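Enquirer: So Swiss-Prot says this about it:
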type: COMPBIAS; residues: 61-79; note: compositional bias 'Basic and acidic residues'
type: DISULFID; residues: C93-C108; note: disulfide bond
type: DISULFID; residues: C100-C114; note: disulfide bond
type: DISULFID; residues: C107-C125; note: disulfide bond
type: DISULFID; residues: C111-C132; note: disulfide bond
type: DISULFID; residues: C116-C123; note: disulfide bond
type: DOMAIN; residues: 93-132; note: domain 'Agouti'
type: CARBOHYD; residues: N39; note: N-linked glycosylation site
type: REGION; residues: 61-87; note: region 'Disordered'
type: SIGNAL; residues: 1-22; note: signal peptide
Amino acid sequence: MDVTRLLLATLLVFLCFFTAYSHLPPEEKLRDDRSLRSNSSVNLLDFPSVSIMALNKNSKEISRKEAEKKRSSKKEASMKKVARPRTPLSAPCVATRDSCKPPAPACCDPCASCQCRFFRSACSCRVLSLNC
């Protein structure tokens with residue numbers, strides 16, 4: 001009984017190690033110097049070095065001003081787009097996507113038709129064909 005438990009514990013440890021090792025990305029796997037030298041396709045000197053520079057107060061202020069200018073220009077552009085007032089629909093018709101229960105008049109759009117659902121409890125004007 002103790003031998004089987006020891007064997008199962010060893011198998012469990014091996015599986016845990018194998019699972020953890022197989023999920024490491026290729027660049028995080030352990031390598032020795034010989035494998036780095038022999039692998040000519042990956043040369044660490046080919047990659048450019050990364051330099052980190054701290055921003056001074058002046059550059060921070062400039063970037064803030066640029067961000068504020070972008071925000072204000074977006075607000076101005078949105079304010080310039082004024083919604084056109086809709087033309088009032090004539091009384092004897094129903095607008096698209098509005099309720100059109102049977103006592104109501106026909107739909108205003110010639111391509112739309114009145115569709116009812118749920119035993120004619122919810123009816124609305126809908127456009128069926130895009131080519132119309």
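For all residues, glycine too, the Cβ spot is worked out from N, Cα and C.
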Enquirer: Which one of these disulfide-bonded residues, C93, C107, C111, C125, has the sparsest Cβ neighbourhood, judged by other Cβ atoms within 10 angstroms?
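Expert: Among the disulfide-bonded residues C93, C107, C111, C125, the sparsest Cβ neighbourhood within 10 Å belongs to C111.
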Enquirer: Most Cβ neighbours within 10 Å: which of the disulfide-bonded residues C100, C108, C123 is it?
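Expert: Selected residue: C100.
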Enquirer: When the pLDDT values for the domain 'Agouti' (93-132) are averaged, what is the result?
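Expert: Taking every residue in the domain 'Agouti' (93-132) and averaging pLDDT yields 79.
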Enquirer: Restricting to the chain of C116 (disulfide bond) and a gap of 6 or more, list residues whose Cβ falls under 8 Å of its Cβ, or answer none.
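Expert: Listed in sequence order: K101, A122, C123.
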Enquirer: Measuring Cα to Cα, tell me the gap between C93 (disulfide bond) and C107 (disulfide bond) in whole angstrom.
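Expert: So the Cα of C107 (disulfide bond) lies 5 Å away from that of C93 (disulfide bond).
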